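As structure tokens, the structure follows; a few thoughts come after it.
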Amino acid sequence: MHIASLTKPAATFLAAVFVCLSALVAPAVVQAQGYETQARAAYVYDHASGQVLLALNADEALPPASMSKLMTLLMAFEALRDGRLSLDTRVPVSEHAMSFGGSTMFLNTQDRPTIEDLIRGIVIVSGNDASVALGEALSPDGTEEGFATMMTQRAQQLGMMNSTFRNASGWPAEGHRMSMRDLGILTVRLIEEFPEYYAYFQETEFDYENRSPANRFNRNPLLGLGVGADGLKTGHTQEAGYGLAGSAMQGDRRVSFVITGLSSAEARAAEAERIVTWAFRQFVMRDVVEPGVELARAPVFLGSQPTVGLAPSEGIEMLLPALLDPEIEATLTYTSPLPAPISAGDVVGELHVVQGVHGFEARVPVVVMEDVPRGGPMVRIGAAWSNVMGLMSRRGDEAPAS
């Protein structure tokens with residue numbers, strides 16, 4: 001392992017050493033393949049590492065179609081969590097909600113569906129009527145317009161800066177827009193913040209009051225294909241094209257993605273399956289640093305020994321291209337010299353690891369590997385003598401020429 005030191009002129013300075021970690025990672029053959037998609041915009045996110053694997057036009061505000069129903073669901077899940085609603089709360093159906101066409105669960109104004117009915121109606125059959133009824137129930141003024149304002153405000157709070165909502169359903173409307181990154185943020189939040197409700201997205205059928213057997217099936221094309229898919233929501237309008245916000249789990253890895261602008265339902269299904277396969281095959285989690293392995297030896301001031309080993313306090317696992325001989329660099333930063341006494345396990349610095357091609361990075365504390373007590377009288381005398389000699393040397397260098 002090669003270590004090159006960088007020094008800084010100070011009595012106590014931060015020493016930075018660059019550590020080549022390529023020997024710690026199993027060698028590979030070729031570089032990870034880039035991904036080319038037919039989607040107008042796409043976003044792929046790995047949950048374990050927090051890394052974005054693909055971002056194509058990800059910040060462009062586009063018509064999201066029914067994928068924006070995920071925001072309606074988030075607002076409902078937050079209300080359930082906060083106790084403002086319960087799953088068995090019954091809500092009225094307005095003339096406005098009943099009037100919507102497209103995908104519906106065929107509500108009428110005599111119905112009093114539960115919140116759970118409406119959630120299933122949105123998730124499984126993409127009911128526009130269900131979305132409006134749920135939005136009106138959550139709105140402070142009982143209107144869909146009021147709820148759309150709430151949606152936009154909440155999206156901004158969550159960092160979804162390219163999202164503006166005009167309605168609860170994603171029905172085509174001027175200015176109703178979301179970016180794929182925003183939909184990705186929303187998808188991750190639904191999965192990670194509300195696991196108790198995420199199971200709804202795996203359900204494949206729902207027929208409210210047996211009113212529409214032909215419309216009872218979940219539209220997510222990945223469910224049941226064996227790729228680990230378990231959510232979330234399709235979308236389609238003439239303006240938006242065909243899109244899907246999806247997620248899949250293989251082993252202990254979860255990947256979420258959003259695509260939009262496909263030309264057909266068949267193209268959407270094929271692209272969704274292809275992007276999931278790519279994300280799991282082209283990227284893998286690898287151990288790049290083991291805990292307790294000595295990275296460097298740091299000088300110790302007034303210690304019983306002149307140096308002490310430094311090691312990461314825990315291992316570092318990174319998401320890396322599966323077929324890449326990784327170009328990994330690490331920067332070890334610590335205060336030098338370390339004043340004695342010091343104890344094994346004391347945190348004295350940080351190891352920052354970066355995989356350059358994709359910019360994946362990780363940080364971990366660095367600790368002392370062994371106890372170093374304060375040295376005896378001879379150590380202190382030696383240190384004092386070194387200081388005197390150093391001072392005399394500097395004065396000699398500064399003396400004017402005769």
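First residue shown is number 1, and so on along the chain.
Cβ from N, Cα, C; glycine included.
According to TrEMBL, the features are:
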type	residues	note
SIGNAL	1-32	signal peptide
ACT_SITE	Ser66	active site, acyl-ester intermediate
ACT_SITE	Lys69	active site, proton acceptor
ACT_SITE	Ser126	active site
DOMAIN	283-374	domain 'Peptidase S11 D-Ala-D-Ala carboxypeptidase A C-terminal'
Self-check item: Cβ neighbour count within 10 Å of the residue listed as 'active site, proton acceptor'
Solution: 28
Exercise. Could you round the CA separation between Lys69 (active site, proton acceptor) and the residue listed as 'active site' to a whole angstrom and send it over?
Key: 8
Practice problem: Give the distance between the Cα atoms of Ser66 (active site, acyl-ester intermediate) and the residue listed as 'active site', rounded to the nearest whole Å. | Solution: 7
Quiz item: Given the model, what does the mean pLDDT over the domain 'Peptidase S11 D-Ala-D-Ala carboxypeptidase A C-terminal' (283-374) come out as?
Solution: 87
